Structure formats: structure tokens, C-alpha cells
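Visitor: Would you mind keeping the following structure in view while I ask a few things?
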Amino acid sequence: MKIVVLVKQVPDSGADRNLRSDDNTVDRASASNVINEMDEYAIEEALRLQEAHGGEVVILTVGPDRATESIRKALSMGPDSAVHVVDDALHGSCAVATSKVLAAAIAQQGADLVICGAESTDGRVQVLPHMIAERLGIAALTGARKLTVDGTSLTIERQTDEGYEVVTASTPALVSVWDTINDPRYPSFKGIMAAKKKPLQTLSLGDLGIAAGEVGFDGATSTVVEHSKRPPRQAGNKIDAGDDGGSKLVEYLASEKFV
Amino acid sequence: MAEVLVVVEASQGVAKKVTLEMLTLARTLGDVSAVVLGGSAAALADKLGEFGASKIYAAEGEDLDGYLVAGKATVLAALIQRVSPAAVLLASSQEGKEIAGRVAVKLDNGLLTDVVALDADGVGTQVVFAGSTIVKSKVSKGLPIVTVRPNSLTPTPAPATPSVEQVEVALTDKDKLAKVVERKVEAKGARPELAEASIVVSGGRGVGSADNFKLVEELADLLGGAVGASRAAVDSGFYPHQFQVGQTGKTVSPQLYVALGISGAIQHRAGMQTSKTIIAVNKDAEAPIFELADFGVVGDLFKVVPQAAEEIRKRK
């Protein structure tokens, strides 16, 4: 089984994140960039499947040159190789266009299974998995908190607001995962050393048969009009509980008409 | 006036609050038509009419209920092409976003997600990067397909008597690749749903154990709120993941958010920062949660919360 894992490099959600004032895109140059956290769970799930069933795990990233750091980090966990789609024309791409690029790259790889995080911590848009599946005409099992593979048959538990759904499909398919699905491994020293030598193929838009005008700002289907910093919340009244902290809390609730 | 489609989100035959919010928003944009994808439209008609739907498109049947979202997107895309609406609103839920994403690809159309406001020109407002940045954006290709975040506005009734039009469900094998074989409801009692609740009471690592979460639940029930949990609490096994609030969980924006034993790491703040009023109880006076709390109590939550619960009971 050939498994392609989608990995996105994102600005660290634990640090200050900004949009650029010149073109309204995510400021990646001044940010501390990391692997999208949810993608580490996708990598882990792929590696566990490989350990149980054999096959090959390939990392796929669309992003600027500096995303190479995150690709090497991903490889240090254990995947076999990586594909990096990098092209200046991609800057400013919307989700619809990005899904076109990812779908083309996945099709070229000939994956049996695509695993990705349910969402990224920067956009949190959550639409890419179904957009890709729509383009490829394959099953999308999204929002998995558990994945079971039996031959070509896949079963997930899909987290819902009410509980969960058991959903099945056959390969080829795409599975998106939440962070409840496993505990990702830490790269070992050996893994980090090995990652430096693993095959990393770089592709341009041309290699995927996509014209520059279909992506980036020219191909964007939505546009940011303006953005601004939201004023930070101000700290209010802070009291010591003493003996009547609970009563004071309820007094506050009453003053705000919550009780 | 132009027609605006609102894709109905319902749970067990009842329209969710976000649906009523979308109907209210849609009335500012044009004539409102509700679209029911799966389930039963008849059960929802009264409520949809009460909030201003003058028409209901009903697409029903096992082909929609028995498979994940692809078929719903196919039906919606066909409807959009047929009626050429001025805009399409969906809920910013997992399924709402998934349908929107597929429709955007099918129609090669832009989309906006997690919108908290939408003006008549189709410019949507989004709050991103853990509540730190406000973005205004619009669809530049095609019609506005927009997912609306729950609790973004107050739903108001505007009674109408909707006509119901059955919509043909014509699917292909590609729409039936992901089969739903079982739906499990995990008990949350009579509590409101987390993303839609006006009041949320959340517990963190400081709650200490799964058993102690009863304290969080008790306060939530007394206030008529939903229960949430921080990632630390969920990772420690104190409370199930679907109740996680934060960067890798739900984003909530209630009238009142009560944080019990939650330090307020950025991971958590990302999910609750836009709440109207925030109250925090924590024994660490330096906990970052106090930086955004309108009212903070520094102390032992095992003393403060039972006392507060008792006081609320007395006032009832």
C-alpha cells in the first residue's frame, strides 16, 4: 500500500502570528514556522499502518522553499520519501486552487491512501480533504478519531457533535484525522540523521500540468479586502477567594444577569 | 428580491440554533429559501417558517442519509445551478464546511469559512489567529458561498409560510463511496451543544480527575450551560475530546465563559477568546487566563465552585 501524507508548514500557533500588510497573505517570513500539529498525527497513523501492513509512506507538501525544514522534520519520524511542490506562482493561492495542486500531485504519485490532518492551525478552514477527494473522485473519510484497515477496506470512527459515526470505504481513499487518533512518536537521533539522506523530489506547477494563472493571486476565488489587529482583551477585576470567593462569583454573575 | 439559500443543519429532527441564526442573517440579503439535505423536511418546516423561510427545498432519502456529504454536495450544486441564488449560507460545522468545500470545487467557485458577519455586498468578517486578527474578505469568483460560525448573531423570528418543493436526488456511484454504517450518540444529557451554547463552563488540568468533572457539570447545569474542557484535561482523560475547547478543538463564542482550573495557554485561548464575558477560577494568581478574564477568582476551585453552586441554588 502506498500512503501519501499531506504536511503543511504553518506559523507556530504558540507565537505571534500576522498577515502581511502588503498583500494580505500569512506572514511566513518573520514567523517561527513548524509542521501543522495535526499533520504529525497523520504521519504517525501512516507509519503505524506501514508497520502493520507494509508498503510505502510519502510526504507531500505544497509550500515555499523554507517548507523544506518541515519536510525533513516529517521525514525524521520515519516516512520513506517526500515530494515538495514549490513554485513562486503559488503565492496567494486560495483553498480551491491549493486543492487542485494537491490533487494533481497525489494523482501523479498514485496513492492507495491519503492521510492528512483534519485542519491546519493557521487557516482552520477544514475544507481541503473533501476538496481533494472531490477532484480525485475517491472516498473521503474525514474527522477520524480511529482508523482500521483490513486489506482494501477502511473503517473510521468519525467524531461528531453528538458522538461518532462509523464510516466505511474502500481504497483508494482519503482519511483526515483529529489529534485523538494516536500519540505521535518523537524523531530519534537515528531518524534525524537518516532524514537528511531520504529522497526529496521537488516539483513545479509545470511538472503537474497546472498553469500559473490557475493558482496564486491570479487564480484566487476569494480575496482579503482588509485586515486589522483585534484589540486585546483587558483584564477585569481579580479577587482573592478568601472565605466567600464563591459568593462573590455569584454576585458578579447576578450583576451581569446570568443568574 | 434575490433568493438566498440557507442549508439547514439539524440534529435529531430539530433545527440547530445556527440554522435560525443563518435564516436571520439571510433575511438581510434577500428572499430566504431553506435547503434540507437528508432527514425529514416536514419535521423542520414550522421552525424554518417561523424564522423567515418563504420556501423549503427538500432533498430526502437513504442515498443522502446513508453516506458522508458527497451526495449532499451534488444535490446542492445542482440546485445552485438551477436557481442561481444571490448567496448560499451553510453552518461552520464539520459537515457544513465539507459540503461547502465540495460545492466550491464542483462550481469552481470561491468560498468563505467561519464568517461572523456578512454584509449586503458579500464581504464577510472572520476572526483568525486565536482571535487576534480581524479579516474582511469576499468571494471573487462566482457567488458568495459562506459558512457561518455559530453564535455570531441573535436569531429573531419573522414568520412566513413556506412552500415546500421536493428536489430530485440524482446521485452517481462517486457520491456513495463513504458509507455511514452506524451513528452513535454519546450522552451529554440535556445540556446545550457546546458550539451553540450561550453559557459554557469549562474545566482544565486543575480539576484533577474525571470524577471531579462532576463539579464542572453541576455548575454548567445550574447556569443552563454546556460543559467544555481544556486540552490538558482531555489529554489527561478527564473529559471526552468532543468537548475540547481550543486551537485543536471547538471554537466557542458564548455570552458567558467560565474557566475552572484552566491556566489559559494560547492553545486554549484560541478557542474562547471572543466570548462576551469571561470568568476564571484558578489557584495560581499568575495564570494567563486572568489576563482576559472580566472577573477572576484566585483560589481553590474545590471551595469556590461548591460555594457558588450553593449560592445559585439559594437564589433560584
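Just so it is clear, glycine is given a Cβ too, placed from its N, Cα and C backbone atoms.
Below are the features listed in TrEMBL for this protein:
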DOMAIN    B:4-184  domain 'Electron transfer flavoprotein alpha/beta-subunit N-terminal'
BINDING   B:Arg205, B:230-231, B:244-248, B:261-268, B:Asn282  FAD binding site
Visitor: For each of the binding-site residues (B:Ile262, B:Ala265), count the other CB atoms lying within 10 A of its CB, then report the residue with the highest count.
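Guide: Neighbour-count leader: B:Ile262.
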Visitor: Sequence order please: the binding-site residues B:Arg205, B:Gln247, B:Ile262, B:His268 that have their Cβ under 8 Å from a chain A Cβ, otherwise just none.
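Guide: Sorted by position along the sequence, the hits are B:Gln247.
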Visitor: Which of the three DSSP-derived classes (helix, strand, coil) applies to B:Gln247 (FAD binding site)?
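Guide: Note: B:Gln247 (FAD binding site) is coil by DSSP, not helix or strand.
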Visitor: Note down the number of other Cβ atoms within 10 Å of the Cβ of B:His268 (FAD binding site), including every protein chain shown.
Guide: 28
Visitor: Would you count the other CB atoms within 10 A of the CB of B:Gln244 (FAD binding site), including those on all shown protein chains?
Guide: 27
Visitor: Let's check the environment of B:Gln247 (FAD binding site): how many other CB atoms sit within 10 Å of its CB?
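Guide: I count 23 other Cβ atoms within 10 Å of it.
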Visitor: Around B:Arg205 (FAD binding site), how many other CB atoms lie within 10 A of its CB?
Guide: 17
